[in-house]
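Lifted from TrEMBL, the feature list:
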- A:12-29: transmembrane segment (TRANSMEM)
- A:17-409: domain 'Cation/H+ exchanger transmembrane' (DOMAIN)
- A:35-56: transmembrane segment (TRANSMEM)
- A:68-85: transmembrane segment (TRANSMEM)
- A:97-120: transmembrane segment (TRANSMEM)
- A:132-153: transmembrane segment (TRANSMEM)
- A:165-185: transmembrane segment (TRANSMEM)
- A:206-227: transmembrane segment (TRANSMEM)
- A:247-268: transmembrane segment (TRANSMEM)
- A:289-307: transmembrane segment (TRANSMEM)
- A:319-347: transmembrane segment (TRANSMEM)
- A:359-380: transmembrane segment (TRANSMEM)
- A:386-409: transmembrane segment (TRANSMEM)
- A:534-583: domain 'Sodium/hydrogen exchanger regulatory region' (DOMAIN)
């Protein structure tokens, strides 16, 4: 027996296997996951495993290595989140998200830090040796909402898209703030005196870390898109580039002390559109599937490790400090959301309701990022207290808040996500309205989101597409692209021979379709003659559209991390096809 | 800048990136890969990189770590090989393959070992200090044909299926023999005296190592199949199990000093059928795609590392020894193939032609396995000579034989692989003949391959399927399964509305189809009443088949490692669909 030789890969494989089997186990009993979130169950499994290890070895089980977490477990989850991020609601609410992520997190850090310092002054608690700086350092790691925990809970409760993106976007983008504040306070702790220059340098760092991350991510994303231009002859390695470049963007950002999370998200969002157009359909399925698989395993492992690491003798149980940490986390977050939303609502027509505010405040779950950061703290005599407090906060938010948020959403009747994707008609009208609003903004001289979106779209079709797409002949009008996409989907899904609907589409529908089809608004105003499609092509297209847009196809909702859209049962489908064919004859 | 922190994953990612980009680079110039095999180009890239590293650092570049090779690079390639192994030709020729793999390898080991020992006795070569045991040890590592090198060359030259499976199967199954002989001689080298008991124990080990590998592989394979019964609700982690279980089977076999290659191949072949039936179509696409991608990257990395490791000062250039090694490798292999084939041909109707024999002998390429084994040798004063000889043999076989084998195949007009897959009619007739031959063998009392195949099939449908398949209601007749598969494929590929052919299939065709449809031959003879399908179902099926088997669909050939079958251009397809729809109206 030669165990030493294969130990590393063997144990890694076994851990992943355990995680996957645990997942299967939960899903065998359908009722369990509908009451208790999976994250709680997984932490529970971890606790049991940790208990077993502790019992057998009589020493603390190994804690999750922070390097393993940040280098191997976190990137797949963030990549998945970035790649499947619904870009429209994200960019529509980017201002609000940034406000929550930056100002909100700073508010929480200082709020929690200062009030805990206040608690430390109470003599009977015996905490007078914890300095203000250490409290602020602790605040900086405990204040940040955790994307993994948020995702794990919110994907199961199906709240409306805007609410989801507000909480989830915040949890992703606050990484830049957390990184800066954490490192700043940690270096302050080691400095003898703090000069005001250092504080200003810290503020400057926010922008460097955040914008640097975006820059690194976008450059890797565009390189990835450019690379996939040349993979036509070797389709099998296409999916690799998506993973390699995004991982490189994360590592590069980490190497330069920038925000890796921001980098990988920008990379994924930047490349998605072009990569999808360049790679083959099967490659794309593989990319999507593997991303989901990987993130789901990472996420499972993280929660199990969280459970395992909780067991042991790393903790100093000073209950006043721990209880007040939990209370301050809740109170400062609630206050922050209230105040910030007040300002946000003053500048928006589509306001955030008080129910939504409650869910945003309540959904501020903490998770493995805090946990890894607290273990990365330099050794000092109160580290075990911080570890204990962090553990309790995480368990409290994941178990208590995670388990009660679903009943609360039901009770408050928070607006849910619509189950069906928009129909073709709706999509066309949305696009039409976008053009219209961009025109109105242009005329009124207001540079709003539609103006910028339109400019970006113009820049994209004028320059980026030419460089990054393989088969770039001329800018295809968006309606043709949409039609192609639907047609391809249809071909994949249904082969219902002879079941063509022959009804003509309503004229107004066609009309609006053709208004949009001249893809760029600027085309209409400025370059009418240059870019107008050939009349033959137009006629041809009109006929095809009129005869074939006969059925509104419902596509699956885009969010859930554990299923792919349109993932129905193949045998079901095969059966359906058989029946339809049979009827057709 | 914090490079230390991210070094390991960063460098791994960069190496993979380099490998992928090199692959893209070769395919940009279409003429290059058609003349020079990719493996040669990759070794060449490796040589250049090694030269650069050597030039910059002025010391030998790092050699490929044997652990990395055996634990991380080899398994994906073997898994891919096992999973996509065409099982019919493999089992039809299993006797011949085993003869080549076991007897042929032993023949080569002793032939090369003893004749090199003879060379060592020539005084002017100054090699008298190399003992017989060391020569045999060297023979045991240099004799084995390498699956990675064989696959890289043979997949490009498209010889007929039988020839391919003979060479490739041998290269895979000789692993058991190589492992045993290599370890035996290595332990003999360290023993003071060798008893005859040790020799007999060595012979016994063959069976343990080989059959143990099969056993480990099959048990993991069946466990994998069983696990996928329960993944209906979490489709995304299905592909994971295929990879996890096969990797575990490899690691477990290695742990017990069994043949890991044999284990992973048995695992893949054992699970394939059941896993495919249990998992969703998209999961299956992902499994296939990812396997191909992974093996293709591993293979690229291996050849690049081979090139890099060649550069340096690890070599002792004793030219007589090296040249005679190359010559003996060629001569003993040629002799071995001639002698063994003589015996094989006496017992087979379908003989191996002399052209085929030449290609089998000439296709005995050596590769990274020898290279890793020679570095694993214990340190002794002639190790560098063995390294030099191994390097030259590998480079000679990969470059000279690899580059000339394609012209030779053309020159000799070796029978090529048929380009198209068998049609539905052919498939049905093949199956029908199998049943017939099994019956004849049964009556004549000859227990041949058809007899065993039939027994296995019976055991499978009677017991295994019930345990391992999720939706196991009753044994579906094979013709229905085939039809379902084709129908599903058709649904995926073409959505050509209203293009149904209405011609009835020929009666005799239907007749043979229904002869086969009573899936088990034993059903006809023994259990006629129990398993005969319901007459309603039969009528229904008859009608469906008669109307829908209207077009013989050609499926892609099954072999090539770098493309998936039916991987045509989606835009092409979409265009075709558009045109057909249009016409249909």
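Cβ from N, Cα, C; glycine included.
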Selection from A:132-153, A:165-185, A:289-307, the stretch that has most Cβ pairs under 8 A to the transmembrane segment (A:386-409): A:132-153
The transmembrane segment (A:97-120) in contact with the transmembrane segment (A:319-347), cutoff 8 A, at least 3 CB pairs, sep 6+: yes
Long-range neighbours of the transmembrane segment (A:12-29), counting only residues six or more past its ends (CB under 8 A): 38, 41-42, 45, 49, 296-297, 300-301, 304
Cβ contacts under 8 Å made by the transmembrane segment (A:35-56) with residues that lie 6+ beyond its boundaries: 18-19, 22-23, 26, 149, 152-153, 156, 300, 303-312, 395, 398-399, 402-403, 406
Highest-contact recorded stretch vs the transmembrane segment (A:132-153), from A:68-85, A:165-185, A:206-227, A:247-268, A:319-347, CB pairs under 8 Å: A:165-185
Cβ pairs under 8 Å between the transmembrane segment (A:359-380) and the transmembrane segment (A:247-268), at least three: no
Stretch in A:68-85, A:165-185, A:247-268 most in contact with the transmembrane segment (A:206-227), if contact is a CB pair under 8 A: A:247-268
Model confidence over the domain 'Sodium/hydrogen exchanger regulatory region' (A:534-583), averaged pLDDT: 50
Sequence-remote partners of the transmembrane segment (A:165-185) [C-beta within less than 8 Å, at least six residues beyond its ends]: 78, 81-82, 86, 89-90, 93-94, 96-98, 100-102, 104-106, 109, 133, 136-137, 140-141, 143-147, 150-151, 154, 198, 202, 205-206, 209-210, 213, 257, 259-262, 265, 352, 356, 359-360, 363-364, 369, 373
